[in-house]
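First the structure, in the form of structure tokens, and then the observations on it.
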Amino acid sequence: MSTNQIILTDQGDNYLNVWSHVAQDLYNHYGETLYNSWFSKVNFIESSLNTVILCAPTNFVRDWIKSKYSMVILQLFQHYNNTIKSVEIITKELPGTSKTVIELPTKTFADIGSSELNAENIFSTLDVRFTFDNFVVGVPNELAYAAARAVAESTDAVSESNPLFLYGGVGLGKTHLMHAIGWYIKQNNPNRKVIYMSAEKFMYQFVKALRNKEVISFKEKFRSVDVLMIDDIQFICGKDSTQEEFFHTFNTLIDNNRQIVISCDRSPSDLDNIEDRIKSRLGWGLVADVHSTTYELRLGILESKIEQMNVKIPKNVIDFLASKIVSNVRELEGALNKVIAHSNFTLKEITLENTQNILRDLLRSNERIITVEDIQKKVASRYNIKLSDMSSSRRLREVARPRQIAMYLSKTLTPKSLADIGKKFGKKDHTTVMHAIKKVEELLENDIELREEINLLMKILQN
């Protein structure tokens with residue numbers, strides 16, 4: 001990282017170290033290329049009344065940072081000084097400012113040796129966007145959220161959920177919850193040693209330790225922590241030596257009453273090319289799935305993001321995004337950011353027509369249009385009932401339950417109204433459909449087998 005000058009007024013001297021930390025964290029998290037493109041020429045100008053004022057070199061850079069990174073920058077400032085309430089970005093320096101120049105530290109997370117990875121620099125590996133406060137909770141993720149929160153808030157060495165195993169598809173919130181656990185512990189119990197990393201990095205560090213004959217240091221590093229969080233554990237499938245080391249690390253931490261949190265794209269029982277003894281241990285504690293989002297959850301996520309970004313978006317645009325971008329949360333938020341950025345840069349109003357044009361490529365890639373008829377056929381086949389049973393009034397459990405599941409999936413995977421869905425199921429009214437959806441949601445709270453079954457049906461339908 002090249003030396004960067006940071007400018008601030010005399011009255012902002014108490015924020016000198018804060019800005020240097022914020023700038024360094026932006027560099028660590030986003031990397032040199034992105035940092036140099038957007039942040040390297042941003043100066044700290046002034047602070048007053050709990051507001052930090054930054055100066056961007058051009059209107060374009062200012063608008064881009066405001067649309068993409070303003071919340072990240074504010075949260076970073078608040079991490080170091082919680083009296084800061086807002087960040088303002090301008091393009092012209094304030095008159096009469098007395099400038100003090102400092103140099104950013106040049107050490108990055110990549111330069112930190114393995115022996116230094118402790119509670120003091122866990123912050124470098126955590127994304128400031130991912131906290132419990134901005135995690136939107138709904139039926140698909142409420143168990144995982146509650147379990148993650150319990151782990152973070154536990155006053156004992158470990159929670160009752162040890163290990164906590166979170167699984168689900170890409171972009172549904174598993175990584176968000178793991179970062180949120182790390183943030184909560186960092187802020188409320190800073191003396192606890194926490195390691196968060198991907199299984200891929202765990203493997204690379206292990207291989208490096210073998211090559212450099214530093215295996216003892218590697219073992220000491222991972223087996224002396226209070227909380228170990230490993231993301232995407234499926235990466236070690238088929239990696240025999242890494243599995244062996246993970247197995248012994250896992251056992252040591254459990255034996256020493258330390259907390260473990262694991263994430264994966266599938267349940268422990270569905271992992272291939274991994275030893276049975278590891279599978280067994282991964283399921284010792286609480287296994288919580290994060291399944292595909294419902295329309296209501298997607299709507300809540302969009303409304304939360306819009307409020308955070310302090311922008312106004314028409315309701316029909318929000319409804320359109322929630323109905324059309326159904327694959328995962330990451331893609332949903334990306335679509336929202338793209339619409340807002342386009343409006344900022346072109347100064348065009350956000351309308352449904354503009355949104356459809358801006359996202360046409362993304363919508364085309366999502367264009368595996370799922371119909372109620374598709375859902376009825378797949379569910380009927382899965383449960384070995386007649387397709388005609390979907391529109392019948394038969395109340396036998398072996399028929400009624402699949403029909404309720406099909407109604408739930410129709411509401412989750414299609415933009416159809418309750419009334420429209422009811423028509424497809426033998427002209428049933430919207431209250432019948434609403435009752436079916438509510439019944440399935442209640443069952444999903446405690447029935448792990450049903451959650452896995454519905455996840456599987458969603459994957460089949462979406463692919």
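Along the chain as shown, the residues are counted starting at 1.
Each Cβ is built from the backbone N, Cα and C atoms, and glycine gets one as well.
Residues or ranges marked as region 'Domain I, interacts with DnaA modulators' by Swiss-Prot on the basis of sequence analysis: 1-83. The region 'Domain II' feature in Swiss-Prot is assigned to 83-124. Sequence annotations record features per position, and here Swiss-Prot assigns region 'Domain III, AAA+ region' to 125-343. Taken from Swiss-Prot, the feature ATP binding site applies to GLY171, GLY173, LYS174, THR175. Feature annotation from Swiss-Prot assigns region 'Domain IV, binds dsDNA' to 344-463.
This view paints the features noted in Swiss-Prot onto the structure.
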residue : record           : Cβ neighbours (10 Å)
GLY171  : ATP binding site : 18
GLY173  : ATP binding site : 27
LYS174  : ATP binding site : 26
THR175  : ATP binding site : 20
The region 'Domain IV, binds dsDNA' (344-463) - residue tally per DSSP class, helix then strand then coil: 86 helix, 0 strand, 34 coil
